[in-house]
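Quick look at what TrEMBL annotates:
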DOMAIN    293-487  domain 'Glycosyltransferase 2-like'
TRANSMEM  92-112  transmembrane segment
TRANSMEM  143-161  transmembrane segment
TRANSMEM  459-488  transmembrane segment
TRANSMEM  494-512  transmembrane segment
TRANSMEM  621-637  transmembrane segment
Amino acid sequence: MAPNTVVVTVEKPMNSVLGVTGMDSSLFMEKEKAVSPRQLTWFLLLKVQRTLACLSWLTMASKTMFVAAKKRIALSDLTDEESKGRGKLYRFIKAFLALSIVALVIEIVAHFKKWNLNLIQPWEVQGLVEWTYMAWLSFRVDYIAPLVIMLSRFCTVLFLIQSLDRLVLCFGCFWIKYKKLKPTIEPDAYDIEDPSSFPKVLVQIPMCNEREVYAQSIAAVCQLDWPKDRILIQVLDDSSDREVQLLIKEEVSSWNQKGVNIVYRHRLIRTGYKAGNLKSAMSCDYVKDYEFVAIFDADFQPNSDFLKQTIPHFKGKPDVGLVQARWSFVNKDENLLTRLQNINLCFHFEVEQQVNGVFLNFFGFNGTAGVWRIKALEESGGWLERTTVEDMDIAVRAHLNGWKFVFLNDVKVLCELPESYEAYKKQQHRWHSGPMQLFRLCLPSIITSKISMWKKANLIFLFFLLRKLILPFYSFTLFCIILPLTMFIPEAELPLWVICYVPIFMSLLNILPAPKSFPFLVPYLLFENTMSVTKFNAMVSGLFQLGSAYEWVVTKKTGRSSESDLLALAERESKTSNEEKIFRRYSESGLELLSKLKEVQEVKIEVPSKKKKTNKLYKKELALAFLLLTASARSLLSAHGLHFYFLLFQGLSFLVMGLDLIGEQIS
């Protein structure tokens, strides 16, 4: 039989056996598996359609980002301190960025020319550039890589310790939920029919130029359900704006005329910021007649039953010095920035504060929405002006004096979150520089105090070092410095579980107290790493007592909480009586206010003109964005996979923050 023949044997009409022999038999098998031309056409069209859709989305996104960046650069204020990029950290990031760009160019040339370490013999090296590259590779392996590996391992250990601490806190929260552990009060703590059995409570509202929120805050506090002769409200106004002072005075006067026991206080010499304001108020002679003091910042609106839910926890417990309520946010769904803040603060209250309150009877006072036993304040030294975190300062000193704290997760007080990145950035700077100032000042007192060794270890290693110092240090160093550095030093490459698996798992734990935020898991992870540069800078400034550690900027408010305040008011009162009360109140105060404003104009008080508000550029974030994007380009050459995607999206998140495209947008 010829070598290239086909033999076909037919046994039955319905059952055929095909025998194939010869060299071309494989062609028949391929023909059986081949798809039809129509299927191939549809497959190719689908691929083209998906490619075009992806390219269209990338084009539109790039165009939007470019237009936004162009507007930001055109409208940026170059005289602003932040835009000047002052500080050693910014200069370090710029130098690191310049070196990474040079290294990327060299790596691209080496990639396309296919230079590698196999060229060991000197006569095989062609040209000065190739010789320099080979010398750099040798120097990198022998000297730089070991240092980077050692630093990355150190930061990884810190990362794992902090993750373990977070995991233990979560287990503690689950245990509280499982056992239904809650602070208890004595039944019938106070006789409702006998107002004289209620303790006397002082309520303080410290504020400074709070034009947007002063009215609803004062209104909410004035409607607290407590015997009128057993409560006194102090409005502690530190405003420098004369017009705002008149507005707050008029608001206090209108409530005073309605029978509310409320007074207005204004300091002529404003020293010590909020701590100085509270200290001045506590020095009044009539304070000695009161047993408790409740504190509310200007944007907080407690429910009318707040005092009846908190004060009973002091009854029969003479060692309880503080009862802290939880915050609730009226604008948590306003924009992406407020949604991400809500995740952080929900974890802070429901996990950190609740677990520490139940198992340790200690946590950091939040500065507002809490009730203090005045005796505890006095025995702990009162309000001090030595740091920008006076609330944490008094809490630590009270803990060292043996006072216990109670956290009420079920009692919530409405407030609002910063809606602009500028306001949030300044708030976080104060919240992370202040604890480091306080740690330097309190360390000798903690060591020499009479509390147990376990409480001393908790204060030093967990409360201060691990959660206030180590967290911003490793977060910035590991994910913003070491990770991009390893792209140019592949010998020190970080494993995937460090940059991906463990962070995602810890982010999942953080989101558990706010389950509706699960769709924001990846943005939250990127956001936390992006904020690490601000927290690290603040931590360093507080630890080494730099100038920015003592900056105090009042967090900007928008007054959105007034919307919920009106809704709550409408639920308690009928529509007719509510409208009558509001119209009468504003008509009376408006006439008096108009006359006072005219007097101010006659005296010709010069009020400084307000600077036009615009979104800003943040050069530290922009420099880190380009650094991470450069590292992602380098990782693309080496086909690092997840390393590339992490660096790419982390770089884009830094770019969004640097261009101030997150949060409130000002035209």
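Counting begins at 1 with the first residue displayed.
Cβ from N, Cα, C; glycine included.
Ranked by number of Cβ pairs under 8 Å to the transmembrane segment (459-488), the listed stretches 92-112, 143-161, 494-512, 621-637 are led by 143-161. The transmembrane segment (621-637) makes contact with the transmembrane segment (92-112): 3 or more of their CB pairs lie within 8 A, with pairs spaced 6 or more apart in sequence. On the 0 to 100 pLDDT scale, the domain 'Glycosyltransferase 2-like' (293-487) averages 95 in the predicted structure.
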